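Copied from TrEMBL, the annotated features are:
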- 9-31: transmembrane segment (TRANSMEM)
- 12-346: domain 'Acyltransferase 3' (DOMAIN)
- 43-62: transmembrane segment (TRANSMEM)
- 83-104: transmembrane segment (TRANSMEM)
- 148-166: transmembrane segment (TRANSMEM)
- 173-192: transmembrane segment (TRANSMEM)
- 198-216: transmembrane segment (TRANSMEM)
- 228-246: transmembrane segment (TRANSMEM)
- 252-269: transmembrane segment (TRANSMEM)
- 290-310: transmembrane segment (TRANSMEM)
- 330-351: transmembrane segment (TRANSMEM)
Amino acid sequence: MSSAASQRFIVLDSFRGLCAVSVVLFHLHLWQSVGEWRFFRSAGLLVEFFFVLSGFVLAHRYHQQVMNGAGWRDFMISRSCRILPLHLATLLLISVLMLLRPLLFDVPLAQLPALFWHDDLQQQWLYNALLLQAWWPKANLFSFNGPAWSISVEYYIYVVFGLIVLLARRRSVWAYAGMVLLGSLATAWLAPKIAHSPGLRGLICFFLGAAAYSLHLRWRDLSLGKHWMTVLEGATLLALYWMITLKYPHKAYWASWGFTAAILVFASERGQISAWLKHKAFLQLGEWSFSIYLIHFVLLYLLSTLLMHFQPEWFWQVGKVRYIHTGSVLGNNLLLLAILALVLGCARASYRWIERPGMRLGKRWQQCHTSPKLTLASVRG
């Protein structure tokens, strides 16, 4: 592997962590807390950023490389061992919580199997275990661990990406652009149910990020000084804020282009804002981002169950939204900080005890095969 391919975009990693924390606040509804600020109420859109960034990073990782059949197998081993251990762990954990939840509300133990393990729920659990909930027509997208729907989308896009690298080789960038074009045409012409489907959203975002990597290679050596890069980074953040918070048609689609532009700006890491984002605290959030994203929903489910039993008066129904209100705005914000601390603590533990062992397992599995997997493509002028 070339030294370029092994480069990490640490500022983009920091953004990934900050976006994961923003998604946590998006799922929290604490009355008049920081989480009710306009930006966080729109932070569900940041899932598009995750898709775009994944495409960009993987295009970087496999740039100028030729993949054979064994290489595609090792690619899928790597991606599977990266995401499946934590996905399955959180699925099992929330399943146990869902099974035990009725006990808090005086449901007899003998009735739990009938309540929890009926035919439809068994099917939904299987869809989730196989990461099919975003693709299978009968699947409930947000069943069990809700945020896992995006992992469902991304996992099978990995399959397509690997096949493109395998088959298109040095013409991969044209295949990426073709996927974006086809997805865009489908968004414009097909029925809304398909045009706004999770799979199509993820496909456009992912391959937009992958195609954008070739632009990064062309623009990364532009001779802009630190001062002008800082101005550009600041303007980009301001534009992102308005892009995320304003309402406009086809918001998710156009936001994916905005996220792509932001990634191209911050991938060079040459402005003062990038320098700040290299702080250890931000890098730690980036390292834990996947755990933050997947585990927070399980913790919020547990918290809401306990509060519903022990403090039911804290719940306020306002329209379609159920808020938690401790009785004071200060109390609500302190509870928000406590929840964030719990999420970060659990994310740190799950990264250490679930994610990292999974990645090590993937590397050992790959090392069991002695045939060549990836070779660098010859570079011609």
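Even glycines carry a Cβ here, placed using N, Cα and C.
Note that TrEMBL annotation is computational and uncurated.
Note: the stretches the transmembrane segment (148-166) and the transmembrane segment (228-246) are not in contact (fewer than 3 CB pairs below 8 A, sequence gap of 6 or more).
Here the transmembrane segment (330-351) sits apart from the transmembrane segment (228-246); fewer than 3 CB pairs are under 8 Å, leaving out pairs fewer than 6 apart in sequence. Touching of the transmembrane segment (198-216) and the transmembrane segment (43-62) is concluded from the presence of at least three CB pairs under 8 A, sequence neighbours closer than 6 excluded. Below 8 A, the CB atoms of the transmembrane segment (83-104) and the transmembrane segment (9-31) form no more than two pairs separated by six or more positions in the chain, fewer than 3 in all.
When Cβ-Cβ distances below 8 Å are used as the criterion, the transmembrane segment (252-269) is approached by residues 9-12, 15, 45, 48-49, 51-53, 56, 184, 187, 196, 201, 204-205, 208-209, 212, 215-216, 219-220, 222, 229, 232-233, 236-237, 239-240, 243-244, 277-278 of the same chain, each at least six residues removed from its ends.
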